[in-house]
Amino acid sequence: MSGLPGAGTSPSLGEASDLKFPLGAKFREPLTEARFQRLFGDAEQAPELLAEPRSSRLCRRWRRLASACSGPGAWRLLRARLPPLRWLPHYRWRAWLLGDAVAGVTVGIVHVPQGMAFALLTSVPPVFGLYTSFFPVLIYTLLGTGRHLSTGTFAVLSLMTGSAVERLVPEPLGGNLSGIEREQLDAQRVGSAAALAFGSGALMLGMFALQLGVLSTFLSEPVVKALTSGAALHVLVSQLPSLLGLPLPRQIGCFSLFKTLAAVLTALPRSSPAELTISALSLALLVPVKELNVRFRDKLPTPIPGEIVMVLLASVLCFTSSLDTRYNVQIVGLLPGGFPQPHLPDLAELPRILADSLPIALVTFAVSASLASIYADKYSYTIDSNQELLAHGISNLISSLFSCFPNSATLATTSLLVDAGGNTQLAGLFSCIVVLSVLLWLGPFFYYLPKAVLACINISSMRQMFFQMQELPQLWRISRMDFAVWMVTWVAVVILSVDLGLAVGVVFSMMTVVCRTQRVQCLALGLAEGTELYRPLEESHKLLKVPGLCILRYPTPLYFGTRGQFRRILEWHLGLGEGRKETPKLDGPPDAVAEPVRVVVLDCSGITFADAAGAREVVQLARRCRDAGIHLLLAQCNASVLGTLTQAGLLDRVTPEQLFVSVQDAAAHALERLVRGQ
């Protein structure tokens, strides 16, 4: 019903008043916002359509906090913060207990070698990986809402933590350290890793206090997957010196991947044949077993524990052949029994590690929340993102007191837990029992375990992350913008570092959102004959338009970044100023606009929010329309947008009778006005 091109023949005003409407349709007076509120709104709502006063919101929040201090309120709060109080009374012991026990034991068996392997990736002794596979799992079982989530050591976090630890506590240039010097260096690195866990946990608790669980949405799926895939390549390259038996210093910072490759190629003639053989045999066992577990997951009663089998075989081979003394093969050595004494990390380190703790906290929460959401959707239950912040924050904070390094949910063990039949968080307790038995009694059996085997376990655990690249063709077909986000993040992670790559990915992802709001198309609407539906004129040539009436839909938020575009588009459609001459074609050739616009209906249903700059732009539009003799009508403004426009002074430029609840009501009022010749 606009004079813009893209519709069929324009009816005259007389014909427009006799349009066919649906059979049995009842005519009513067009509803303005004010009249709608009088008929259907709350009695206490202000007729001026103002937003709720801040004092009312504060009073309501205070009443809610006061109600939590009562007995029932305290119980509700306790049940919200301790999820077992909700799911344990409804636990189906006969149906679920066996599955949780088998899955927990299976995951615990994998935690043992993976924990030691990821500890080396973190640049701390292997036993601290076992601590990190025990305390965080136990705490998440009590506080987490992801029924199928498995927490513990995670390769990406271990890589990020290891890079920070190597920078904070670098190894002396000489490299030839005595036993005491090596112990002192390890103690300092363990303290730095624990400080990183403490800092990231404190940051997540701060985010929980501010209810910032929604921040997980800013780490989109392409960013997270590209981050983990790029980090997997870093893990692979960083483990090459251990695979080849080369005592090379760890490269950190930008371009570390290429620096490591150059150092390995330079030192390749000095590689150890014994450790190279061990690595080749280990990968020859681990990779096929991983593939068998994936291909026959539905037929196997439980996944084959290839890691623990490889650990036992390598330990026996090294012990019987004396590989550590005859061929200088690096072994794990003695694992201290029991637990370390709890103590606070060195708080003086916190200012130095704050810049490293923030990306670690973001990756921890993003990976854990996305994994929990995937399985919650699959098994039809819900998770609380803010409670997940609390769970992982307390998990990292408390475990840091026991010299643990940063931890999160893990891709491999979560998938393993689901495949093994896990049903609830109770599986985590059985996993803790397995790790506890190693810490208390079985530690000496791993004395002769070659470190090259742990490097192979690190590499084989990256399988899922590498295979995420198989999704790229489908992502290209679905959304090329998301494909670009994936590729930019991956390239930044590989070339720069995991931390900087994450920052580049998040910034680029947000920029794509901003750019898409800048490229929207303002749609001119027309009436489908015989209905009350208004559709874009470009969709069909049979849509009706009325000379002098322009109905526009602006389908994007109105804020400081889009106010200029909003002004230019409206100028072009309404013929205000010079905008129509300067702006390129939007909906059709400009010469199709034959009659000047006398009434314009602005459909605000697509404007989800408006800031002060955007609201002032609408007020300015109302003034310019009034000066040009154009009657402006606004339709379908949500409460937030309407409140912002009102505060900006919109009602000084238009009357409440120009604000309508729907496009249909506004268009009906406009037709009446045109028929009367106003």
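Here the Cβ of each residue, glycine as well, is placed from N, Cα and C on the backbone.
Now, the feature entries from TrEMBL:
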TRANSMEM  93-112  transmembrane segment
TRANSMEM  119-143  transmembrane segment
TRANSMEM  190-214  transmembrane segment
TRANSMEM  358-377  transmembrane segment
TRANSMEM  428-449  transmembrane segment
TRANSMEM  483-511  transmembrane segment
DOMAIN    539-670  domain 'STAS'
For the transmembrane segment (358-377), what are the same-chain contacts with Cβ under 8 Å, counting residues 6+ beyond its ends?
144-149, 151, 154, 156-157, 160-161, 196, 199-201, 203-204, 207, 213, 215-216, 219, 221, 224, 227-228, 383, 385, 388-389, 392, 396, 406-409, 411, 414, 418, 498-499, 502-503
Could you tell me how many residues in the domain 'STAS' (539-670) are helical, how many are strand and how many are coil under DSSP?
59 helix, 20 strand, 53 coil
Pairs of Cβ atoms less than 8 Å apart decide it: which stretch in 93-112, 428-449, 483-511 has the most with the transmembrane segment (119-143)?
428-449
Per-residue pLDDT averaged over the domain 'STAS' (539-670), given as an integer:
81
How about long-range neighbours of the transmembrane segment (93-112): same chain, 6 or more residues beyond its ends, C-beta under 8 Å?
130, 133, 137, 150, 152-153, 302-303, 305, 307-308, 311, 412-413, 416-418, 420-424, 426-435, 438
